[in-house]
Every structure is written in C-alpha cells, then in structure tokens.
C-alpha cells in the first residue's frame, strides 16, 4: 500500500465559545434603542439583506458570502412595527436563555413568545414562519450562530472514531459507544476534543454506508473518523466539520453518491450555501476534498451494470433540461466547480445520463468499499478539489 498522504495539519483557529459575547451584543443593541427613545428619535435596526442580490462568491476565501447591503427596520413605521416588536421579544428571550444556561428549539422559541398583546386581539406571533426569520435576522445582525444564542434545531448525523469528546461534565471516546457512535447534537459550540487519535475525517452521505465502514473496521484500520451526515449535512454537523478542521487540524474528505444531490452536499460542506451565506465563515470548510463517487469510478471499478439513470429530461430533448440534468447544468456554473476536474465529471454525467450510488460498490463485495476502494483512492491522493 502506498505511503499515506493524509495527515493532520496545524490548527488555524482556537476554541472560542463564550456566551458573554452574545450578552454583550444584546446589551449594546438594547441600550442604543433606549437612547434613541429618550432622545425622541425613531428607533431602528440595521439588518443585512437576505437574497441573491446580496450574496457573492469570495475567490480569496473560497466562500459564499453575504454582501454589505442593509435594510433598516423602524419602530415608528406601520410596515415595520410588528417585526420590530417581534425582534425585541426574541432578543429578550435569547438573553434569558443564555443568562440561565438553557437551550430551546426553534419551535419552543415560537411558543414561548406567542401571546396576545394586552388590550388587543393581536398575537405577537401567528405562526413559526414569523419567528424563524427573526432568529435569522439576529444571526445576521450579530454575526453569530443561532446555536450561540442557545436556540437549536433537531439533531441529525453521528460520528465514530478514536476521538475523545468533552460535553459539559461528560467525557467519552466516540469509538466506544457501540456501532451507532455519538449522535451530533444541534449545538456543538461547547463541545471540546481533549484527545484526537485519527489522521482525518471521512464525511459520509448515507447512514447505511457509514454503518458498513464501521462494521468492516475501517475507522480503526485506516485511523479515520467517520462523520455520517444522513443526507444533507445539518448545521450542527457542518459546524462540527469546520471546527475539527480549523481547531484540530483534521483534513476533511467527503464521500457521497455520484449524483447532483451528492455533489451539492459536498458543495455545501465546502463553500457554504446561499441561504446561510452570512454564516459561511463558521459553517463551511473550503479545504475539503472529494473522494467519490465519481463518473470515472464507473469504468475504473467495472460498475457499468449498477448505475441508475438520471431523472428528468436531457437538455437536447424537447422540454429539457429538467430534474437531474437541470441541476447538473446549474452546478457546472458554480464558481467553485470551474476547474477541469469537476467540469469533466459533470460533463460525463450529462453525456452518459447516469448516476452512481455509494451502495453500488457492494456489487464487488460488501467489504470492497472499506478494504479497497477508499484506502486506494485516499492513500493515492485520488481526490477532487
């Protein structure tokens, strides 16, 4: 076997979780509002605008970022007053959560702040679709994750490997919790890693493939940490990946299905997403590499008979492109896929009209992916940028 090329790097960031910074920002904004009221001014919030018009790809940092366009929300404005009130309500709720060391889900945050305004028939919130955007506004205003404000989403994803995790007063090794590993919580800001005995992290799209690798002893034999995203990576998983790379120096290798959905999962982990452009510097990991599945794998490993047809209408047919074909053409225009390696893969997918799943490797044998496919590609540096 060739000499391993994957090894830990020098950390670029330090563990920096500090609830006090959120409390400080809340206090500063609240004091400014109070001062405006005392001075007879119209209180306002300046909030970075959401939407495509305020999003760009930064070539230097290789991240999808938010621009500098702002929208101003006034108290003494009929069109703004309701959202202004809702913003202050959520700010007060966040202060209480952080001060008391408690966490709440998005749904709990909605219900906790929903009530009828005294003397009226008006509710503060009618639906969670009103409270969620306010929380996103605060993220953009403060430049922090909602998880740092102690507001969480449902947990999804798990890790397995020789890494010691400290979660509050608990400390445990993620390779000694059974084959199910450690479920990644919605909030990972407070998690610390006293001991890491792996060379790199392998991010795996499907739980079935992650389970296969664990059963075949891949993490122990290859000295790797398995991170199962279970589909599109959650915010908690993306933040964990970012922290493991920048704070602990772990190289990140991504393993997904060879289809437009899998490639988008990789894109989101690597460059961030348009919807969360304001958090790319906390969630994205531009140094990530892609091991597969690729179109080249189909012929190299004799998988022609286990491919699946792309869904939709090809661009050269009436009514096309639609479905997978349309998505691939969109991905070909992503700035971060504007290199010959990725253009080749996407063009081959269009030309052949096929997709290839991770589980297709079982056609060779159940252990093939763990004992041949991944070790060969990773140790040979056969990775896409």
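Each residue, glycine too, has its Cβ placed from N, Cα and C.
Values in this document were obtained by computation on a predicted structure and should not be read as measured data.
The active site, O-(5'-phospho-DNA)-tyrosine intermediate annotation in Swiss-Prot covers 111. Secondary structure at residue 111 (active site, O-(5'-phospho-DNA)-tyrosine intermediate), taken from DSSP and collapsed to helix, strand or coil, is helix.
Classification of residue 257 (Mg(2+) binding site) by DSSP places it in coil, neither helical nor stranded. Using a 10 Å Cβ-Cβ cutoff, residue 257 (Mg(2+) binding site) registers 21 neighbours. What Swiss-Prot records for 205, 257 is Mg(2+) binding site.
For 17-158, the entry in Swiss-Prot reads domain 'Topo IIA-type catalytic', with the evidence type sequence analysis.
In the domain 'Topo IIA-type catalytic' (17-158), the DSSP tally of helix, strand and coil residues is 69 helix, 25 strand, 48 coil. The most densely surrounded of the recorded positions 111, 205, judged by C-beta neighbours within 10 angstroms, is 205.
Cα of residue 257 (Mg(2+) binding site) to Cα of residue 111 (active site, O-(5'-phospho-DNA)-tyrosine intermediate): a distance of 39 Å.
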